[in-house]
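Trainee: Below: one structure in structure tokens.
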Amino acid sequence: MLLRSAGKLNVGTKKEDGESTAPTPRPKVLRCKCHHHCPEDSVNNICSTDGYCFTMIEEDDSGLPVVTSGCLGLEGSDFQCRDTPIPHQRRSIECCTERNECNKDLHPTLPPLKNRDFVDGPIHHRALLISVTVCSLLLVLIILFCYFRYKRQETRPRYSIGLEQDETYIPPGESLRDLIEQSQSSGSGSGLPLLVQRTIAKQIQMVKQIGKGRYGEVWMGKWRGEKVAVKVFFTTEEASWFRETEIYQTVLMRHENILGFIAADIKGTGSWTQLYLITDYHENGSLYDYLKSTTLDAKSMLKLAYSSVSGLCHLHTEIFSTQGKPAIAHRDLKSKNILVKKNGTCCIADLGLAVKFISDTNEVDIPPNTRVGTKRYMPPEVLDESLNRNHFQSYIMADMYSFGLILWEVARRCVSGGIVEEYQLPYHDLVPSDPSYEDMREIVCIKKLRPSFPNRWSSDECLRQMGKLMTECWAHNPASRLTALRVKKTLAKMSESQDIKL
């Protein structure tokens with residue numbers, strides 16, 4: 001009989017339970033052909049054994065097949081004929097006891113080639129070496145590319161917008177006023193088309209920084225020779241940028257007393273992202289800056305007050321039409337967020353905290369923003385956390401409290417009888433320069449104090465009426481405060497009574 005083995009080849013007969021066993025050889029001497037495995041006493045390449053004859057094929061170190069044959073002793077031959085595989089070595093053995101020199105007829109073959117058989121081969125070593133070298137070179141090139149690109153960006157001005165001469169969407173000679181008028185007459189009323197906004201953003205040249213706040217920086221820039229203001233938001237203030245852009249592009253939002261919106265864009269420069277909001281430029285700056293350096297007469301005071309409340313009234317008013325405008329509350333009114341134009345009128349800016357009222361669903365649309373308003377201008381219901389956040393009118397009345405404080409700032413700078421007070425912030429004499437919630441809560445909610453009036457106001461009719469107006473704006477009870485429309489009408493009557501044309 002033949003006993004064949006290649007890898008884990010079963011040798012012998014099977015028992016009833018399926019287990020393979022080696023047959024018990026006959027107790028006689030068996031002669032076998034031997035090659036490369038001949039003992040010293042062999043004659044004519046013949047050896048003798050009481051076990052098995054075998055023939056084996058295996059692969060040498062160079063990968064060539066080598067055939068050997070010989071005798072296996074009875075002891076341990078069962079295990080040897082099973083030929084337990086050796087890792088990374090190709091080998092096959094066949095055994096027999098049928099007759100003398102029976103292994104002449106055995107022709108074992110190498111087991112099929114497996115990928116792992118080449119792990120230690122010289123060809124694989126060369127391939128591995130080449131692969132590692134190529135990958136290392138590519139990695140070095142990528143690192144060098146990234147490094148030089150980073151250094152190139154570092155050498156550029158921090159806030160420069162690439163001047164890509166893309167005139168496809170903006171014909172030469174078109175001014176910003178032309179573009180805005182065209183969008184109002186033929187568009188949706190929600191601002192310039194997005195593609196035009198992006199083109200303007202690409203073509204702006206940044207000139208100088210003119211301001212800095214908690215949200216980012218303000219730059220004066222130029223587009224085709226026209227001055228514009230570019231508000232550059234910190235990446236942490238993306239929610240404010242998104243909200244302000246959204247509010248400015250609300251249908252029918254444009255108004256002479258709301259800061260004129262031009263464009264918004266996100267500029268990626270590799271190592272950082274810049275959020276741009278481009279608006280009209282007003283060289284007088286904020287009302288806060290203007291009042292610090294400028295004194296007023298009755299006409300200029302009323303002009304500042306009337307134009308400011310006109311912008312606020314437009315914000316607060318819902319417009320019903322096929323393309324209507326929702327009512328909007330500012331939520332961060334202060335003199336630093338109102339700008340002064342060349343003609344002495346004001347416009348309201350910084351709408352990053354604004355809240356909208358959706359009348360169709362009776363829903364208050366509050367921005368997902370961690371930023372809060374300015375503590376000095378917060379009304380009592382915000383300071384003591386009693387404001388009803390689900391009632392839009394609560395936000396409107398909170399704005400009116402803040403506006404009353406702004407009127408006080410303006411009126412103090414109006415000259416009467418040759419006397420004028422220096423500019424001061426509201427509650428300057430009652431709280432520190434950077435008050436805490438507790439500071440403001442104690443003064444506004446607990447002690448119920450408000451900014452004091454100079455004695456001279458009582459002898460000047462215009463200032464006396466202004467004092468009465470602001471008192472009704474900052475009343476402790478929100479329901480008792482005047483609306484923006486009522487303040488606007490009152491200021492118009494005051495101007496008319498003094499023959500002042502606004």
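Using the three backbone atoms N, Cα and C, a Cβ is placed for every residue, glycine included.
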Trainee: If Swiss-Prot says Ile210, Gly211, Lys212, Gly213, Arg214, Tyr215, Gly216, Glu217, Val218 bind ATP, which of Lys231, Lys267, Lys292 does it name for the same site?
Mentor: Lys231
Trainee: Pick from Cys71, Cys81: which cysteine does Swiss-Prot list as forming a disulfide with Cys95?
Mentor: Cys81
Trainee: Please find, within the list 1-25, 101-125, the residue stretch that Swiss-Prot describes as region 'Disordered'.
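Mentor: From Swiss-Prot, the annotated region 'Disordered' range turns out to be 1-25.
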Trainee: Have a look at Swiss-Prot and say which candidate in Cys32, Cys34 forms the disulphide with Cys38.
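Mentor: Partner cysteine, according to Swiss-Prot: Cys34.
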Trainee: If you follow Swiss-Prot, the disulfide involving Cys53 connects it to which of the following: Cys32, Cys135?
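Mentor: Disulfide pairing in Swiss-Prot: Cys53 with Cys32.
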Trainee: Within 10 Å of Cys96 (disulfide bond) (Cα-Cα), which of the recorded positions Cys34, Cys53, Ile210, Lys212, Gly216?
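Mentor: Near Cys96 (disulfide bond) by Cα: Cys53.
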Trainee: Near Lys212 (ATP binding site), which residues of its chain come within a Cβ-Cβ distance under 8 Å, counting only those 6 or more away in sequence?
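Mentor: Residues satisfying the criterion: Val218.
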Trainee: Arg214 (ATP binding site): which of the disulfide-bonded residues Cys32, Cys34, Cys71, Cys81, Cys95 is the nearest Cα neighbour?
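Mentor: Its closest listed neighbour, by Cα, is Cys81.
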Trainee: How does the model score the domain 'GS' (174-203) in terms of mean pLDDT?
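Mentor: Mean pLDDT for the domain 'GS' (174-203): 69.
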Trainee: DSSP on Cys38 (disulfide bond), three-state: which is it?
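Mentor: In the DSSP reduction, Cys38 (disulfide bond) maps to coil.
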